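What Swiss-Prot annotates here:
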ACT_SITE  Tyr405  active site, schiff-base intermediate with substrate
DISULFID  Cys155-Cys176  disulfide bond
DISULFID  Cys337-Cys363  disulfide bond
MOD_RES   Tyr405  2',4',5'-topaquinone
REGION    216-246  region 'Disordered'
Amino acid sequence: KFALFSVLTLLSFHAVFSFTPLHTQHPLDPITKEEFLAVQTIVQNKYPISNNKLAFHYIGVDDPEKDLVLKYETSPTLISIPRKIFVVAIINSQTHEILIDLTIKSIVSDNIHNGYGFPVLSAAEQFLAIDLPLKYPPFIASVNKRGLNISEIVCSSFTMGWFGEEKNSRTVRVDCFMKESTVNIYVRPITGITIVADLDLMKIVEYHDRDTEAVPTAENTEYQVSKQSPPFGPKQHSLTSHQPQGPGFQINGTSVSWANWKFHIGFDVRAGIVISLASIYDLEKHKSRRVLYKGYISELFVPYQDPTEEFYFKTFFDSGEFGFGLSTVSLIPNRDCPPHAQFIDTYIHSADGTPIFLENAICVFEQYGNIMWRHTETGIPNESIEESRTEVDLAIRTVVTVGNYDNVLDWEFKTSGWMKPSIALSGILEIKGTNIKHKDEIKEEIHGKLVSANSIGIYHDHFYIYYLDFDIDGTQNSFEKTSLKTVRIVDGGSKRKSYWTTETQTAKTESDAKITIGLAPAELVVVNPNIKTAVGNEVGYRLIPAIPAHPLLTEDDYPQIRGAFTNYNVWVTPYNRTEKWAGGLYVDHSRGDDTLAVWTKKNREIVNKDIVMWHVVGIHHVPAQEDFPIMPLLSTSFELRPTNFFERNPVLKTLPPRDFTWPGCSN
């Protein structure tokens, strides 16, 4: 699951998450280079590396109290919020939770974690682990037995999960691949070998060579453009993107202003991109109105569906085990983002706490081409009425690459008040080698599809869970489910025999808000029951969910115990500053005792409270030959749409953009 990435040097318009002095940032700003260095110094002063084995596994902003942040938004010069950093470090094989106050440059607390699970893996220890087999005599013997060249082998580390063991060490599986004749290593696995490495001991603690399956051929697996030969695919014509009036958005530090929207962009080494303090200007009320306090992907659960020794452990939690922020890669201008995009750089950290510059981590751009609204009126005699408005969206994009998969993550904003988080998957299938070359040779369950000779693409899922802390016109919100009900007409009062109507229920507790989306239609809305429109409706925002995908593992299966937050498509909890990670704070080798599913057993009240919605977006992936050797985008999305939030269509008075013609060109 671990793969290397190079930080590309690219020319573009940039903003950088870096501020000096330390105390001038917004309370939710990402950690800067200077802050990473300060944290490194403070911790190393207490635990000198000369006589301590110290590794930083998470360095993140300790969320300030929400009420202080909201006061800061209105009176930044009157509110002073201490800048606190939360650190998870492994020191002499013990996991420490260290809280640092950078305002006074000292450690506030230092506690040892004695529970289940381990922190996010570091890149440094994975580098060391994947090098172990190449120097391990039994593995070298297995390679020679297969007639392979050890110099053409690369390895990758994979988290192992938990399968009922009483005790766990910080171990990973190490799988190896052939890089001979192709850089597409994941489609050329060396199967039949089990390698387990202990990350604390940094040695191989278990090794088995079970059987020999063919290594899939390198033929037709190369994806680099420089290695392609004719005939080429469909020709793409160049497109010039030009905004003669300049971009419609402004980036001021970490604050983005666009059209009627204003929001804050944050970045965390575990969550990746974080959207905060999203508010929209109401033209009729002449003020900005709060919508979303914070939104991000809390976890990604990827269980593979092969129970054999080769694959059973592959049930990954990409955010909690590898870190979405740590796995964010540099975006490629004119490829990942359009020519008119602007880029934002940021910093992540290494295992020794050193800041690492990440160029082009985020891009911001406007998208054109859709229709905002339109109507052609033909019902008025002797009049021809045609009105149409162009839709212009604002997109915020990052790409997270965890091993073989690339996750293209967007947040889209529309002037109509919509927000649209979307996910697009590309990259390489997880391939299992086989001696089978044709479908007719399959005589038993292979747990996937034969996508090429000697290559099985394993069935698997992708379950993303979004953390959505709504603040609809304030923090006191409720969650409503409006069901659509069929009514049969029995009194003969109409020529119709049936119609449908609605029935609304307000969720009183967390149990009421556990929603499985299926055939029964329902509207799911977060409302502010204290604020109503002129006609008496509660103001709110509606979730238009992604196409539902439900877990198919049994609830007593160990991976599903750890990933129980996928048991429902929607959850609602009261806001709790410490409940950030749906799979728990410590996910590697976790046992499912600190998850969203466990928290909600308290069945807390959620009526007219500060509440958080959690939405699970899932994809069941049955591989096909078109996914090989590299996948075209597989995408899904959901929408957050104002529902009785405005008095009327908020973009009714939007004027069409001025037509622009290039000099020397004609229509």
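Placement of Cβ uses the backbone N, Cα and C atoms for every residue, glycine included.
For the disulfide-bonded residues given as Cys155, Cys176, Cys363, the lowest number of other CB atoms within 10 Å of the residue's CB is seen at Cys155. Among the recorded positions listed (Cys155, Cys176, Tyr405), Tyr405 has its Cα nearest to the Cα of Cys363 (disulfide bond). A gap of 16 Å separates the Cα atoms of the residue listed as 'active site, schiff-base intermediate with substrate' and Cys155 (disulfide bond). Around Cys337 (disulfide bond), the same-chain residues at least 6 positions away in sequence with a Cβ under 8 Å from its Cβ are Leu331, Phe343, Cys363, Phe365, Arg397. All protein chains considered, the CB of the residue listed as 'active site, schiff-base intermediate with substrate' has 24 other CB atoms within 10 Å. Look at Cys337 (disulfide bond): DSSP puts it in a strand. The DSSP breakdown of the region 'Disordered' (216-246), given as helix, strand and coil counts, is 3 helix, 0 strand, 28 coil.
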